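Enquirer: Below, the features straight out of TrEMBL:
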| type | residues | note |
| --- | --- | --- |
| BINDING | A:51, A:54, A:57, A:99 | [4Fe-4S] cluster 1 binding site |
| BINDING | A:61, A:89, A:92, A:95 | [4Fe-4S] cluster 2 binding site |
| DOMAIN | A:39-71 | domain '4Fe-4S ferredoxin-type' |
| DOMAIN | A:80-109 | domain '4Fe-4S ferredoxin-type' |
Ligand code: SF4
Ligand code: SF4
Ligand code: SF4
Ligand code: SF4
Ligand code: FES
């Protein structure tokens, strides 16, 4: 008996609380940058595609909705195609967590509804943005040992100049 | 057997093995890098450290390298000992100090032994704050990619390349922390076995270059057991597929045949299945124009053709035994041809006849490795059966091992055993018309013309056993050679005779068979091996049929209404005019093939067959081993396996009941029933309904990715995984997968914690021994036949004044048919050059073969007699009848500047 009265009383009190309802879409709620919405592919500080087509995001994805094919240009790996089937995506963020290059990132945009399911298949053109997203400075090739145009062997961070195999010096 | 104690657990160890092997066989995970089951131990990496205790009272123990310590009776070791564990962790940490941050962009990633071992030892955090040593890479040619930064200096690569495969252009440079594994300078790796570096190297230094262009992670690819189609050795392979495309070929362990290694033609020659040369729809030629037609119309067309007179079928050594049998059954045994022109037809038929009846043992490759004398008689094995030459080269290792036994050294102790035998040559005697790649490692290499080699062979047999046919008018030199070789064979316990159909000489084959038979009469455990032209030549020749010449005759007599050519390119057998006459004299030419060959281009009706990656079937290798290959790709209509086309043709032309097979199992059963010699092929692999623990075996890993996205661009709707009645493997990730699967069904090697090919250890009963899943293939020939001596020695070969004897110079890369539709092999093949005997310099020659004249680059080769020239078959003239007499004229003696 007491419980019922208490419940009615508490519900009554809510009349005087601040209203939480947002007048969406006229009014947009604040979503923090770490919100897990629409997935993007970012670029590194020099403006090159960050994704190296390592396939780790695809492997991490619990619903298997990412698919891509590795390509190679001047020693850089990149995805020839990169497909995300958003009609399957559960926005878990595992891909972002798996990505060793900060290429794939989830954004605070959730407005992706479509009338036709096929339109939820995003290609690389739809995913690739022009900036570095949430991680402004990182460039994978600055730490990896692969040579790419503008960064030869021994020129990455913490690397010595390549060994001269003809030298007899210890 | 010795009992050893691993962490208190008593396990049985084989005599003479080392602790690392014993641990792995006992199922203990002990990390290692430099030890390789086939290459032995060198103790270079220090990764396999364990604690060994003197006796039960010894509590301190000492750290030993498991791979360098024999597993002696009562040995007490601890793998879990904290000190040993820490030691191993430190070794990896130290290897990692210079390791690049490359895994995401490394082709090895996901199947990297270094990754596995790093995880296994528990190293996870980099403490090293200093700079990394770096290396420059080299361009090693079209097959192997080089990324030296990733090296951990285990020395496996050079040990395989130089010591195991006899290569010379890969070495180790610089010193201490800087050691560099590469060539003296950038350039294509010369060895025919360079592709094995990809699997031998435990890191991503050497990776598969063509695969990198169509790269996919190991966990994403479907696998299926397959059999190499590029020569008669029949190496076992694994094909990997993703999104309907074959991505790469890997070695599949077969303890009797290829074991751990493949040749580069087998590894890189399968690109033809994706090549633009593939035929993808049925076509009908009307007014000289090929129009794609629907299957129903093609069949109607065939029915119309069938009314125009007798049907003759041409089979092929590159099609499965089931397809060949289907065709033979449809057209009738009298109307079936093997697809070989004379003299090859006669030679292959004779060779297979010998193999089936010889009193010597037809040895599998691995058995030949322990031969103590090998006589190679008129066959360039390194080109026609590359993996066989690698096996023969191991006879040298066997000789080293004998020395090791004398000095009581275990065989796996690689460096000392090798040093002991450093002066040894392989006990191989090569007698060929032209220099071969085996000469360098051989004890001696003799030169003679094909018929003279046959004479020599007959003389040797006669020396060994007087009952063997004698040779008249031997010269003194011939007698001396024969005596020396006979003596060499007679002191051996396990002599092996190797020959083949390269020179299409039955006399040569008889000579080889006679030597082997003579050795058997002397109580030797003699072996005989005859190399055949194609992967399934054994099967086709066993079934038998008309030669192409006989077909041509019949055609000219107007007795052929429709000629059905199945997976064969007649232009490789018949010269242009003979082929033309044949095509003109048959009323209709129907071609079933997977690629557009010059023959298919002339066909009136052409239908697309599946390549070996898209269907199942049985191939019979040169040792009579029937092996099943299974499909890895699920092809789209109208592609179907050749025997289904033959069946459909049969039905369309009103021959219901002749051929009512629906599934591969029915095809196999019918073939086994129809050809008594093939009764055992049903045992070659489990049937399509095979289940292990109540489930089918899966052909994908359980972590395959992108299933709901990979074809989402076509349609977002999911479709069920493809199925096929022809394979026991399920196409997707659902099903069972264990290390006890039947050996013939292993789709890939992977066990938890072991993602690289090193996981193979877990699939073997003992390291380097039989697979846990039992036999790989069945032999369709008996243990030993009873055939006596045969043949007569030919007359000495006389060279002619105005003509040149043109001999075929086979090449590992270039003379193969299907492999040359694969880009990597095309890139690896060098230009066709005629090698002209004698000292006179030449740079270009014009050469008349049959009616055609060719203008080709040439070089002179003083090792060849004057009046002889070598020509790579199919590279100059498409067809090649070997050997033949041609007119040859020097156009220029010096290369244009
Ligand atoms: S994990 Fe990152 S780098 Fe790797 S494929 Fe995915 S997006 Fe590209
Ligand atoms: S070799 Fe192995 S550990 Fe090294 S970068 Fe490649 S995948 Fe990573
Ligand atoms: S290149 Fe590979 S096989 Fe050779 S030493 Fe380095 S890690 Fe070992
Ligand atoms: S030796 Fe022959 S069967 Fe073996 S891999 Fe090479 S081509 Fe294939
Ligand atoms: S595996 Fe034992 S030291 Fe390398």
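Cβ atoms are placed via backbone N, Cα and C, with glycine included.
In TrEMBL, annotation is done automatically, which means it is predicted and not curated.
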Enquirer: For the recorded [4Fe-4S] cluster 2 site formed by A:61, A:89, A:92, A:95, which further same-chain residues have Cβ atoms within 8 Å of the site's Cβ center?
Expert: A:39, A:57, A:60, A:62, A:63, A:65, A:66, A:90, A:91, A:93, A:94
Enquirer: Can you work out which residues elsewhere in the same chain, 6+ from the ends of the domain '4Fe-4S ferredoxin-type' (A:39-71), have a Cβ less than 8 Å from its Cβ atoms?
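Expert: Contacts of the domain '4Fe-4S ferredoxin-type' (A:39-71) (Cβ under 8 Å, skipping residues fewer than 6 from its ends): 77-90, 92, 94-107, 122, 124, 127-133, 135-141.
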Enquirer: Going by DSSP, give the three-state secondary structure for residue A:54 ([4Fe-4S] cluster 1 binding site).
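Expert: Residue A:54 ([4Fe-4S] cluster 1 binding site) sits in coil per DSSP, no helix or strand.
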Enquirer: Applying a 10 Å Cβ distance cut-off over all chains shown, what neighbour count does residue A:61 ([4Fe-4S] cluster 2 binding site) have?
Expert: 25
Enquirer: Checking A:51, A:89, A:95, A:99 - which of these binding-site residues have a CB within less than 8 A of a chain B CB?
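Expert: From A:51, A:89, A:95, A:99, none lies near chain B.
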Enquirer: Starting from the Cα of residue A:95 ([4Fe-4S] cluster 2 binding site), work out which of the binding-site residues (A:51, A:54, A:57) are within 10 Å.
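Expert: So the list is A:57.
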Enquirer: Just checking: which of A:51, A:54, A:57, A:99 have a Cα that is within 10 Å of the Cα of residue A:92 ([4Fe-4S] cluster 2 binding site), counting only these binding-site residues?
Expert: none
Enquirer: Are there residues of the same chain, six or more positions away from residue A:89 ([4Fe-4S] cluster 2 binding site), whose CB falls under 8 angstroms from its CB, and which are they?
Expert: A:39, A:63, A:65
Enquirer: By the count of other Cβ atoms within 10 Å, pick out the sparsest of the binding-site residues A:92, A:99.
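Expert: Relative to the other binding-site residues in A:92, A:99, A:92 has the fewest Cβ atoms within 10 Å.
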Enquirer: For a three-state summary based on DSSP, what are the helix, strand and coil counts in the domain '4Fe-4S ferredoxin-type' (A:80-109)?
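Expert: DSSP classes over the domain '4Fe-4S ferredoxin-type' (A:80-109) add up to 5 helix, 9 strand, 16 coil.
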Enquirer: Can you check which residues sit near residue A:54 ([4Fe-4S] cluster 1 binding site), meaning Cβ under 8 Å from its Cβ, same chain, 6 or more apart in sequence, and list them in order?
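Expert: Listed in sequence order: A:77, A:100, A:101.
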Enquirer: Which whole-number value in Å describes the distance between the Cα atoms of residue A:99 ([4Fe-4S] cluster 1 binding site) and residue A:61 ([4Fe-4S] cluster 2 binding site)?
Expert: 11
Enquirer: Quick one: average pLDDT across the domain '4Fe-4S ferredoxin-type' (A:80-109), no decimals.
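Expert: In the predicted model, the domain '4Fe-4S ferredoxin-type' (A:80-109) has a mean pLDDT of 96.
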Enquirer: Let me know the DSSP-derived helix, strand or coil state of residue A:61 ([4Fe-4S] cluster 2 binding site), please.
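Expert: In three-state terms, residue A:61 ([4Fe-4S] cluster 2 binding site) counts as coil.
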